[in-house]
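Asks: For reference, Swiss-Prot lists these features for the protein:
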type: COILED; residues: 271-355; note: coiled coil
type: COMPBIAS; residues: 249-267; note: compositional bias 'Polar residues'
type: DOMAIN; residues: 8-98; note: domain 'EH 1'
type: DOMAIN; residues: 40-75; note: domain 'EF-hand'
type: DOMAIN; residues: 133-225; note: domain 'EH 2'
type: REGION; residues: 242-267; note: region 'Disordered'
Amino acid sequence: MPKLEQFEIKKYWQIFSGLSPSDNKVTHDQVAPILHNSKLEAGVLGKIWFLSDIDGDGNLDFEEFVICMRLIFDMVNQNITAVPDELPDWLVPGSKVELVRQRASQGGVAAASAAPASAGEAPEMEWYMSPEDRALYERLYQKCQTATDGSVGYQGVKPVVTEHFQKITQPELEQVWALVNPKGFAAIDRDPVMYLFHLLRQRSDVGAKIPAGVPASLGETFAKERVTTDIANEGQGAIRKSELHIASASRSNSARPKNENSDYSATAGTDWEVVQLQRELAALDSQLSDLKQQQESAPPTRAEVLREQFEGLLKFKQAQLSTSTNSSPAMNVLSLTEDIDSLEEQVTVLQHYLSTRSETLQQLQWEIQSLK
């Protein structure tokens with residue numbers, strides 16, 4: 001397994017920041033698209049998650065995220081043929097050495113993934129759900145933290161599973177979650193949640209074997225597309241290609257000595273919130289620049305053109321009046337006065353219209369400025 005390079009850690013930081021971590025941690029739901037895109041088996045992903053989540057809080061901080069990404073890419077690029085039972089020393093961050101030792105003393109992955117005790121061979125999973133079972137799972141579903149559309153995320157179902165199926169380990173929950181959520185959605189609908197409880201209950205009560213696939217009759221139910229308004233995760237599907245290049249580039253590097261821990265100093269002092277705000281500011285500046293260009297290139301308004309024409313006509317009539325030598329001055333003066341009055345009324349109307357448009361323009365400029 002090639003050693004972990006600094007350029008690799010920096011790239012993982014960019015991916016981590018793009019997931020919008022909270023308190024410098026990302027949830028399973030946030031990482032789920034990357035896990036799904038790896039195309040690794042659910043059991044493998046469950047083991048990788050367990051190894052990465054060193055403190056066992058169900059989330060990954062940046063150091064744990066690096067471990068998760070590196071194990072995934074090593075499996076995808078076939079740098080390793082199986083996920084190790086324990087993390088190699090060079091992949092363990094110095095701040096978590098003691099936690100890793102404590103977990104190893106408690107049995108590590110072997111203890112976490114041990115199946116419930118049962119006599120003889122583990123029974124097959126039963127997919128049929130009786131009305132009594134459905135009523136029970138409906139009550140459990142009501143305890144989950146649901147979205148407005150009734151969907152449930154991984155973190156929304158996990159507390160209920162922990163409370164009612166205490167024999168279920170996290171890798172087993174990960175495996176069953178992937179089974180009823182084959183497309184790796186951030187949240188699943190009510191029916192997949194019911195089957196999640198159904199499978200976990202059998203696993204917990206009688207040690208039933210978790211199946212590798214689902215019946216064809218349920219495949220469409222579990223893979224059904226959901227309409228989502230969450231734009232935070234857009235573009236995550238494109239992450240995989242760029243990250244795979246990182247792990248591939250490290251194949252030829254020599255392995256780090258076993259007693260050396262990973263150095264995560266490359267991201268010291270980095271503030272992911274600053275990165276996010278800088279991106280938003282750059283986007284707003286671009287929008288403001290486009291609006292200014294449109295304003296400068298816009299043709300004169302109809303009101304401005306008409307005003308210039310009427311002002312020119314007014315000056316012409318005034319010049320005619322001052323130089324008139326007609327024998328009927330009173331009649332000409334009266335006619336010109338009426339023309340001037342009419343023009344002045346029209347100019348007044350146009351000035352009022354121009355003033356209104358100017359106020360509208362000022363309001364738009366104020367809104368543009370507030371975006372910055």
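Cβ coordinates are placed from backbone N, Cα and C, and glycine is handled just like the others.
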Asks: For the domain 'EF-hand' (40-75), how many residues does DSSP put in helix, in strand and in coil?
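Replies: Taking the domain 'EF-hand' (40-75) as a whole: 25 helix, 3 strand, 8 coil.
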Asks: Could you put numbers on the helix, strand and coil content of the domain 'EH 2' (133-225), residue by residue per DSSP?
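Replies: Taking the domain 'EH 2' (133-225) as a whole: 57 helix, 5 strand, 31 coil.
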